[in-house]
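Listed in TrEMBL:
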- 44-292: domain 'G-protein coupled receptors family 1 profile' (DOMAIN)
- 30-52: transmembrane segment (TRANSMEM)
- 64-89: transmembrane segment (TRANSMEM)
- 95-123: transmembrane segment (TRANSMEM)
- 144-166: transmembrane segment (TRANSMEM)
- 199-221: transmembrane segment (TRANSMEM)
- 233-253: transmembrane segment (TRANSMEM)
- 273-292: transmembrane segment (TRANSMEM)
Amino acid sequence: ASEPFNQPNGSSSSFILVGVPSLEAFPTCWGILFCSGYIITLVGNGVVLLVIGLENSLRDPIHWFLAMLAVIDVVMVTSIVPKMLSIFWLKSPEIGYMACFVQMFLVHSTTSVESGVLLAMAVDRYVAICHPLRYQTILDRQTIAQIGLAIVVRALLFIIPLAGMVTRLPYCRSRVVPHSYCEHMAVVKLACADPRPSGLYSVAGSSLIVGMDMAFIAVSYGMILKTVLRKKLCWKAFSTCGCHLCVLLLYYVPGIVSIYAQQFSSGVSAHAQVLLADLYLTLPTMLNPIVYSIRTKQIRQAVLKLL
């Protein structure tokens, strides 16, 4: 597995995924853990998409954004978990050169898109609370489609230069990737050339996207707070934002910790880095539909009606 390969563009080129470094002795346990999370993610987000599609009362802007979030979550976990299960259960750690980079770019693009959708949901809450009479007019279907397109285009503008930088690197060292999926920094460290430019671009781009989105989200909630304090409707208004705030914490806190742990890894053990990255991609996608189903009365009632 550690033999070098000098022609990564050849048909026989591949990488070897370790799984969880130093914890490889428990493949069945890891497989059960991630398989259970994957099933919960598929079922939870599938139910959310189904009730939004079937229930006419759930056709307002916030539920369209929630449907976008559910689709992104499914794509994100599907890009990594099936391969992880093949490592843990089928003893099949090999992944093709192109498949590895497709997986890497899916992870980067979906995380960028998800951050954009969370920002759009914050804007939706701002309009709903601060301009309730103009809510449907401001956020009509055309505007929602334009917002979705802008989010996707932004992710592509970030990922295309990164794709060019990473795929042009010569990979002639070890084929072993000390990770459970093709995480960007773990792969580029195997290159013969200097991987720092792509690493710095990735961290700078991710920090810019996350920082910009978090800043706009903070501004949105600042304006919401100003409005509700003036109208003395704090509890009622913030109860409508509770789900979104929970999802924001689930997504951004593990994400920021994982990104900087991968880049500045001197004080973090290898298995801790891998588990952080795995949980960052799987835990929010599993909990998002549960949070919305429990805390949103409309979705909860629609789910019970469907059942």
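Cβ from N, Cα, C; glycine included.
All annotation found in TrEMBL is predicted automatically rather than curated by experts.
Here the transmembrane segment (64-89) does not lie next to the transmembrane segment (199-221) in space: the count of CB pairs under 8 Å, restricted to residues six or more apart, is fewer than 3. Segment contact is absent for the transmembrane segment (95-123) and the transmembrane segment (30-52), given fewer than three CB pairs below 8 angstroms at sequence separation of 6 or more.
Same-chain residues lying 6 or more positions outside the transmembrane segment (30-52) and placing a CB less than 8 Å from one of its CB atoms are 19-20, 23, 58-59, 63-64, 66-67, 70-71, 73-74, 77, 81-82, 84-85, 88-89, 278, 282-283, 285-286, 288-290, 292-293, 299, 302-303, 306.
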